[in-house]
Amino acid sequence: MKHLIIVESPAKAKTIKNFLDKNYEVIASKGHVRDLSKFALGIKIDETGFTPNYVVDKDHKELVKQIIELSKKASITYIATDEDREGEAIGYHVACLIGGKLESYPRIVFHEITQNAILNALKTPRKIDMSKVNAQQARRFLDRIVGFKLSSLIASKITKGLSAGRVQSAALKLVIDKEREIKAFKPLTYFTLDAYFESHLEAQLISYKGNKLKAQELIDEKKAQEIKNELEKESYAISSIVKKSKKSPTPPPFMTSTLQQSASSLLGFSPTKTMSIAQKLYEGVATPQGVMGVITYMRTDSLNIAKEALEEARNKILKDYGKDYLPPKAKVYSSKNKNAQEAHEAIRPTSIILEPNALKDYLKPEELRLYTLIYKRFLASQMQDALFESQSVVVACEKGEFKASGRKLLFDGYYKILGNDDKDKLLPNLKENDPIKLEKLESNAHVTEPPARYSEASLIKVLESLGIGRPSTYAPTISLLQNRDYIKVEKKQISALESAFKVIEILEKHFEEIVDSKFSASLEEELDNIAQNKADYQQVLKDFYYPFMDKIEAGKKNIISQKVHEKTGQSCPKCGGELVKKNSRYGEFIACNNYPKCKYVKQTESANDEADQELCEKCGGEMVQKFSRNGAFLACNNYPECKNTKSLKNTPNAKETIEGVKCPECGGDIALKRSKKGSFYGCNNYPKCNFLSNHKPINKRCEKCHYLMSERIYRKKKAHECIKCKERVFLEEDNG
């Protein structure tokens, strides 16, 4: 009977299968096989604690059946999901669905997908780590509770479609704080006195009449001119010359956060793009040695390096660069994060033999660029430090001192691989006490610059330093803030949009802990403690939930609505009120601002406008198109006095059936249809099925609600948008 190995991704399964004989079957779970119910909180909360309602997604039902059948036939079923909390939880859920005792499923882990790594993992299985599973469940429960309860409240007070979250709101607060700094910034004009001496020596005034000048201290132009006039009359000599040797230490190998930062700064990749490419390099690509993973696991906060990899790197350095570039012993790095999972490794090439040049015919251009970045950084991390000589010269007169600084490279060390953009700034050969002639003295004005907005790289750096989130959350958090229209990223700068200010203002006033970086970091520490079996996850949830829910209930009563609706300049035909534009989950519509006293809704131009020609047969009112969760229908605009409704007639000229995309409501075909004012997409089983979309549906499911996605252009950018919940994912331009 074959042994069964269960991994997460099909690409990973395919690569591993190449390393094993016919006695092994490898199948992918394709991510989480079950999750909290999407149509409610999904968690039962009572005096006994927090009990999840896990549901197998319909897209996974057949796959789960297949896994169960294969497991029944297998003599051993190995759980080989990623060795992080998310991977541990996926393995746990798979084992639970198969059935039987958890102990009967050996858990194997590896940090690289190479034949040796897989074979070694099979020799050293362990049990599923329930502490890690509970840490993941606690994170999932916390995120669901905050997202479900707080997002509903925010949406009710501002506008639908907005959300709040445990990590995303803390990150958004950082962006808002930066915007406030920029807005509050007042430029300061200050002056420096810059001297030009003989021998091409340039220096700046650092003290006057025995008083050290602080940076930006000289703000009076008249005073600066007076000092200039006095110092121009003085005689000067070399007061001191100081030379020091300084090392530029080698940078450590990459972990997730630093890889995202460097890829953003040096390659122009977004964090999401970086992780997507890194995932492919980890799971397996074609190489001269066959299909294999060429980098180690890319979601890590560890800087550990395997002993064998260190030896490979040192041998490579000695062979290619010589003994001068090889330190006496291997360099060891440690993460600043005290809860870093040190069992993991830093991100490195799986084989130092696979130089970037050897892969140029195998990898796509963007894959090669990222691999080259990882390869060079790892090799450089094991080289000698670069060595500089720093120089400083002080030129003095009776009333003041000027200072000049320079440096020159003595030994390039790791710069041999990574390069060095800093040019030497050499000072002339001088001797102490020698006189030197002042050729020119200038008073130069400078204006302080406002704080720079965050880039994706710098925001990740701050999130990491504050302990907000973990390596796996940085990229999704920034992407989520973009998709929610809280931020925009232009020319590598992150700026906040109007809705972000409103949300943060509410959270700061009523839910300060959600946007408090210290609270967020402490919660991450609690999750780390759960993973290390130092804390009970049910107790952590209780400690958070009940105070949080008290604030939710208070918020419902105390938070003033900030909903703002655009005026149309038209009057309501029913009550004389003002018609305004509003938004619902189905899009924009025009209604009376006296709602709920007046429920008038004006029919706007839509894809299906048969209502424009139809009057209510009961009262003579206008039949307008409305939407329910079952689709579109006609209703009298005199509701609630008249409650007449009618199904829409099917548009006869259905055209252009979309290949490979089925109706999410009934499974029927979807086709392009036309009305007098435009085209739309509808189900061919109409009127039995009322599915309708203004944008072309595609064969892709929403990650949030698992409804059908559509493709559209939004603000001149291509995007995929959920037809139901309007979750939007922008398609990235090719930066390669």
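Using the three backbone atoms N, Cα and C, a Cβ is placed for every residue, glycine included.
The range from 32-58, 437-463, 572-598 that Swiss-Prot describes as zinc finger is residues 572-598. Of the candidate ranges 78-101, 126-149, 342-365, 702-725, Swiss-Prot annotates residues 702-725 with the feature zinc finger. Below 8 angstroms of C-beta separation, residues 142-143, 146-147, 150-151, 154-155, 468-469, 473, 477, 480-481, 484, 503, 507, 511, 514, 520, 523 of the same chain, each at least six residues beyond the ends of the region 'Interaction with DNA' (163-168), sit close to that stretch.
D82 (Mg(2+) binding site) has Y297 as its nearest neighbour among the recorded positions H32, R140, D143, Y297, going by CA to CA distance. Using CA atoms as reference points, the recorded sites H32, D143, R484 were checked against Y297 (active site, O-(5'-phospho-DNA)-tyrosine intermediate), and the closest is H32. Residue counts for the region 'Interaction with DNA' (163-168) under DSSP, helix first, then strand, then coil, are 1 helix, 0 strand, 5 coil. A simple way to gauge crowding: the CB of H32 (site 'Interaction with DNA') has 17 other CB atoms within 10 angstroms, across all the protein chains here.
When the zinc finger (702-725) is classified with DSSP, helix, strand and coil residues number 0 helix, 13 strand, 11 coil. When the alpha carbons of H32 (site 'Interaction with DNA') and R140 (site 'Interaction with DNA') are compared, the span between them is 12 angstrom. In the three-state DSSP assignment, the secondary structure recorded for D82 (Mg(2+) binding site) is coil.
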